[in-house]
Amino acid sequence: MGKFMKPGKVVLVLAGRYSGRKAVIVKNIDDGTSDRPYSHALVAGIDRYPRKVTAAMGKKKIAKRSKIKSFVKVYNYNHLMPTRYSVDIPLDKTVVNKDVFRDPALKRKARREAKVKFEEKYKTGKNKWFFQKLRF
């Protein structure tokens with residue numbers, strides 16, 4: 001079977017606090033490491049989706065409704081469901097990596113980086129499906 005968990009692939013989180021949220025793989029580790037002896041992936045995802053926007057709304061209201069809250073986390077492959085979609089969101093690998101979990105300040109910085117990049121991509125109007133809440 002081919003390796004399909006690749007960076008840029010959209011996944012659904014199945015377990016934990018962010019279950020039901022969409023995320024994108026930043027880095028995948030198929031063979032595991034010494035501290036995590038199972039296949040896992042570093043993902044960046046959307047915790048709070050942007051709200052619906054209509055043409056009748058003003059600029060300030062649209063700006064307020066277009067905010068996104070993100071998360072950065074390492075997940076076991078068992079807790080991720082891959083989709084057929086992939087998005088091209090160029091997250092800065094120096095800011096968003098596995099070392100951020102050692103220091104809360106670095107984690108905040110990584111979350112901020114993901115938030116900024118997600119909002120940029122959202123404003124272009126591409127990948128609409130990724131920025132909509134999964135109805136279940």
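Placed from the backbone N, Cα and C atoms, the Cβ positions cover glycine too.
Remember, predicted model here, so these are calculated numbers, not experimental data.
The following features are taken from Swiss-Prot:
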- 5-40: domain 'KOW' (DOMAIN)
- LYS27: N6-acetyllysine (MOD_RES)
- LYS93: N6-acetyllysine (MOD_RES)
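If you take every residue in the domain 'KOW' (5-40) and average the pLDDT, you get 92.
For the modified residues listed here (LYS27, LYS93), the lowest count of other CB atoms within 10 A around the CB belongs to LYS93. Annotation note: LYS93 (N6-acetyllysine) sits in a coil segment as assigned by DSSP.
Put simply, LYS93 (N6-acetyllysine) is 9 Å from LYS27 (N6-acetyllysine) when counted between their Cα atoms. The domain 'KOW' (5-40): residue composition by secondary structure is 0 helix, 14 strand, 22 coil, according to DSSP.
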